[in-house]
Each structure stands twice: as C-alpha cells, then as structure tokens.
Amino acid sequence: MEISWGRAMWRNFLGQSPDWYKLALLVFLIINPLTFFTNSFVAGWLLVAEFIFTLAMALKCYPLLPGGLLAIEAVVIGMTSAAHVREEVAANLEVLLLLMFMVAGIYFMKQLLLFIFTRLLLSIRSKMVLSLAFCVAAAFLSAFLDALTVVAVVISVAVGFYGIYHRVASSRGEENDMLDDSHIDQHYKTVLEQFRGFLRSLMMHAGVGTALGGVMTMVGEPQNLIIAKAAGWHFGDFFLRMSPVTVPVLVCGLLTCMLVEKMRWFGYGETLPEKVRNVLQQFDDQSRKQRTRQDKIKLIVQAIIGVWLVTALALHLAEVGLIGLSVIILATALTGVTDEHAIGKAFTESLPFTALLTVFFSIVAVIIDQHLFAPIIQFVLQASEHAQLTLFYLFNGLLSSISDNVFVGTIYINEAKAAMENGAISLKQFELLAVAINTGTNLPSVATPNGQAAFLFLLTSALAPLIRLSYGRMVWMALPYTIILTLVGLLCVEFTLAPVNEWMTQAGWLATLS
C-alpha cells in the first residue's frame, strides 16, 4: 500500500535525517518570525543558536540545508536584506575563490601527495618518527594548501591501504566488502584491529597537523584569508604577525605528538603489524614496477607546479583563488586531463562547503543588522588593552570548539574592525586582536569535529567506519592536543604576542604603523 501524500512529503523533507531533527527545524522556522516581531534582538540570538545547532548536528544532516532554510527565512521576515547578503558575499569573494579553485587545483596534484604519504608510511619503521613525519607533512602542506585537501589525500592513502589488507584477510579478491568482517579468520581480525588503531592514530596526528600548519598562513584556513583581508596583510605579513603564537604552538604540538605515542595515551601508540607491512610493501613494489614513464613525468610536473604554488603565494603574485585557478590550468594541461567530467570531479569536494560559507555570510549579515555582538564587544573593550587580547582569544576558542571556526572568525574580525573604525581601539591594537582572533578560532577548535572542517570531513568520510573512528573517540584522541594547543596559545597571546610584534616592527620586519 502506498504511503499518504503527507507522509511522503515528511520523508522527503531533509531525507534520512531523524524525525526529531526535522521536527526541531520546523519548530525553529515557526518560532523565529513570532520572536522577531516581538523582540528582534532575542530573535537574532535565537537564529545564531539555531545555526550553531545545525553545525553541531552536521552528522545528522549537512548544515547547508537546515542553515540555508533558516537564512532564507531571516531574509524574508526582514532580519537582514538580500542586498546586505550580497555585500557580505562580495566582500569575501577571495575566500569563495580560494575554496572553489585552490581545493580543485590541489585535486590534480593528488598523485604527488599520495606518493609522498605512501613513501612516508612504508619507509619509516618507528611509529613515533612516522607519527611526527605525518604531523609535520600535514602541517607544512596545510600552510600552503587547503587543510580539507590534505586530509582528503591522507584519507585516500589510508582507505587504499586498508582495502589492500582487508582483501588479503578476507580472501575475497575484488568482490571484497571492506565493511564486512564476517569472512575473516579470528587471527586476521586481531591483526586488523591493531591496523585500525594504527590508522586512527595516524589520521588524528595528520588532522592536528593541518591545524598546526593551517593557523600559520593566510591560506591555511578560509577564516585566515578573511582576517588577513580585514587587516590588509599579505602572505609574509600574516606569517610574521602570527609567529609569536604559532611557532611555540607548533613546537609544543609536535612534542605532544611524540609524548602520546611514547606513552600510548589516549588511544595512541599502536604500531603497524608486520604482516600488514609485508602485504602493503608487496603491493607498492608491484605498483612501482607498473609505473610508466608517462606516470613519472606527471609526478615531476606536479612537483614543479607545487613549487610555483608556494612561490606565487609567498610573493603574492595574484589573489589566492586566481593562483588556484592557474594550478588547475597548468595541472590539467600538462598531465593530459582534458575531459570535462574528469575536471568536474575536482569541484565536488569544495562546492558544498562554498555554498555553506555563503549561508554563513547571510547569518553574519543578520548579526550586523541586529547588532547582536555589540554587548559582548562593549564588555571586552571596557577591559584593558592587554586583557582584550586574552578575552578575544578565549571567546573565540569557546565558540569555535562547538561551532565552525570560519563562522566565528568572520563575526569577531568584523566586530573588531568596526570598533577600530569607530575609534574605540587603535590600529595597533586591532592588529594584535586580529592575531588573537585567528589563533583563538584555529587552535581550541581541534576539541571537536564541529570546529575544524578537516576533522568533520574525516568523521563523515568513508574511512571513519572502517577504522572505527566515532565522534566520541575523535574528541578523546584530540583531548591532549586541545589542552596543550589552547594553553600554549593563551600564554603566547598573553606574554609574547605584543613584545615580539613590537620588536619585529622596530627591526623593520613589519611595516611601521601609522
């Protein structure tokens, strides 16, 4: 018997999301207009809380859908205007171009990145050194590339290696289902569990590495570019101004990586089983023998394009998104990718998040129009200049650990810039606050997958169920990093940021403030 029209519509609404989630969103959509016409300030904060809820529940439904419905309703009832949303999008066009073109550009360099991580995995036998190598490699790559892409590459390596061993363990060849362990002997299952633990720890080290490297440069994370644009900084300026905080944090993050591996704390310390290593080594040897001269040329070309990418970013030869577009053109033209559909696949990773970011800007427009953050900013600005840095760092860190750091960073940098333009703070103080905001959004946000887009991407990937990486386990494994990164970042903002920036200005490394 066919279901009723109403039931069919209910099932279609937000698809496979739980019924309670669908009901919650409908309640939000009903109460928002009623609240807005009663008290617009309360309604604005209600909308922000609801939007953060959709980000926190990203595993139930991709936030673009519920967040988009809330944003559309906000425009319709007059919480903001379509014109203001367009202004916010136009002001942040560079960030959208970064996500569209840079992520797609790096997609065409995946062969080189896969080659690098495969070499690391098979050539380093010490688990501590290997973990450190993955963390450092992810940090370095994330300083110049998008963190999502770096994590996507490491996921590709892990899924590939897991699949190779799982096929051998199940003896089912190409028909093997990686989610099905029923055909695997108990002995192989024990080895497989150890392999899962090994991959979990490597993925977490790589994920944290993207945060350690991503905070250091203006292209490492989308919000970095928003903050850099607001402060008028180029690539070199951004790196130098962040370094009093980011360099000590990087060192302490790497020491944490070594410590948790050595002590086998928080689920770390599993080594690569020798039986698995032998299987993977045989497969890699076979792959290398089958690599043609054409394949080798592709790797060389991708390496040269990588050098161009780093050089162009460091010298600020063009806007970040346009440099990404140049990578797409060079990588496709010189490696023979000419089919439209093959090129189109490169954009599938970035466009949903680009659309979600556009929805963020709609919520930001509401925050500006309804003056939602005015009381918080006034409270912070009443403190001494030194205390302002700590408060901005802590407020950003708290919100970023439960919400998306792009959203939080955008809100706070806009408010800080408005305070400077209104004469509430000096240009010098604004630039220090920009560092506090950037580090506050990037470092404590490793606490949960909600805060870091790369972590959320890992949690929702095909790899997570294979290696038994749940939300709770991810939070637990991130805990030592969360504590160390947050505390070291806070101490650096408190004690080293202002004096080191002053010293660099006097040394002529930074432009003298007018």
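Every residue, even glycine, has its Cβ placed from backbone N, Cα and C.
Look at Swiss-Prot and you will find 23-43 (among others) tagged as transmembrane segment, backed by sequence analysis. Residues 14, 50, 53-54, 66, 69-70, 73-74, 77-79, 370-372 of the same chain lie 6+ residues outside the transmembrane segment (23-43) yet bring a C-beta within less than 8 angstroms of a C-beta in it.
Nonlocal intrachain contacts for the transmembrane segment (52-72), taken as residues 6+ away from its ends with a CB within less than 8 angstroms of a stretch CB, comprise 14-15, 17-18, 21, 24-25, 28-29, 32, 352, 355-356, 359, 362-363, 399, 402-404, 407, 449-450, 456, 459-460, 471. Look at Swiss-Prot and you will find 52-72 (among others) tagged as transmembrane segment.
Below 8 angstroms of C-beta separation, residues 134, 137, 141, 145-146, 148-150, 152-154, 156-157, 160, 219, 222, 225, 295, 298-299, 302-303, 305-306, 309, 319-328, 331-332, 335, 337, 345-347, 349-351, 353-354, 357 of the same chain, each at least six residues beyond the ends of the transmembrane segment (97-117), sit close to that stretch. Annotated transmembrane segment per Swiss-Prot: 97-117 (among others), in sequence order.
The transmembrane segment annotation in Swiss-Prot covers 120-140 (among others).
Marked as transmembrane segment by Swiss-Prot: 144-164 (among others). Within its own chain, the transmembrane segment (144-164) has Cβ neighbours under 8 Å at 98-99, 102-103, 106-107, 110, 113-114, 117-118, 121, 134, 138, 176, 178, 195, 199, 202-203, 206-207, 210-211, 213-214, 217, 219-221, 279-280, 283, 309-310, 313, 349-350, 353, 452-454, 457-458, 461-463, 466-467, counting only residues six or more beyond its boundaries.
Positions annotated as transmembrane segment by Swiss-Prot, on the basis of sequence analysis: 202-222 (among others).
According to Swiss-Prot, the transmembrane segment annotation covers 238-258 (among others), on the basis of sequence analysis.
What Swiss-Prot lists as transmembrane segment is 303-323 (among others). Sequence-distant contacts of the transmembrane segment (303-323) (same chain, at least 6 residues past either end, Cβ-Cβ under 8 Å): 93-94, 96-98, 100-102, 105, 109, 112, 144-145, 217-219, 225, 234-236, 330-331, 334.
Taken from Swiss-Prot, the feature transmembrane segment covers 357-377 (among others), and the record attributes it to sequence analysis.
Among the features that Swiss-Prot reports, transmembrane segment is placed at 391-411 (among others), with the record citing sequence analysis.
The transmembrane segment annotation in Swiss-Prot covers 447-467 (among others) and rests on sequence analysis.
According to Swiss-Prot, the transmembrane segment annotation covers 475-495 (among others), on the basis of sequence analysis.
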Sort out the residues at least 6 away from either end of the transmembrane segment (120-140), same chain, that have Cβ-Cβ distances under 8 Å to it, and list them. 150-151, 154, 157, 161, 198, 201-202, 205-210, 212-214, 250, 253-254, 257-258, 261-262, 268-272, 277, 280-281, 284
To the transmembrane segment (238-258), which of 357-377, 391-411, 447-467, 475-495 is linked by the most Cβ pairs under 8 Å? 475-495
Where else in the chain does the transmembrane segment (202-222) make close Cβ contacts, counting only residues six or more beyond its ends and a cut-off under 8 Å? 95, 98-99, 102, 121, 130-132, 134-147, 150-151, 154-155, 158, 228, 233-235, 238-239, 242-243, 246, 249-250, 253-254, 257, 268, 313, 320, 357, 405-406, 438-439, 442-443, 445-446, 452-455, 458, 463, 467, 469, 474, 477-478, 481, 485
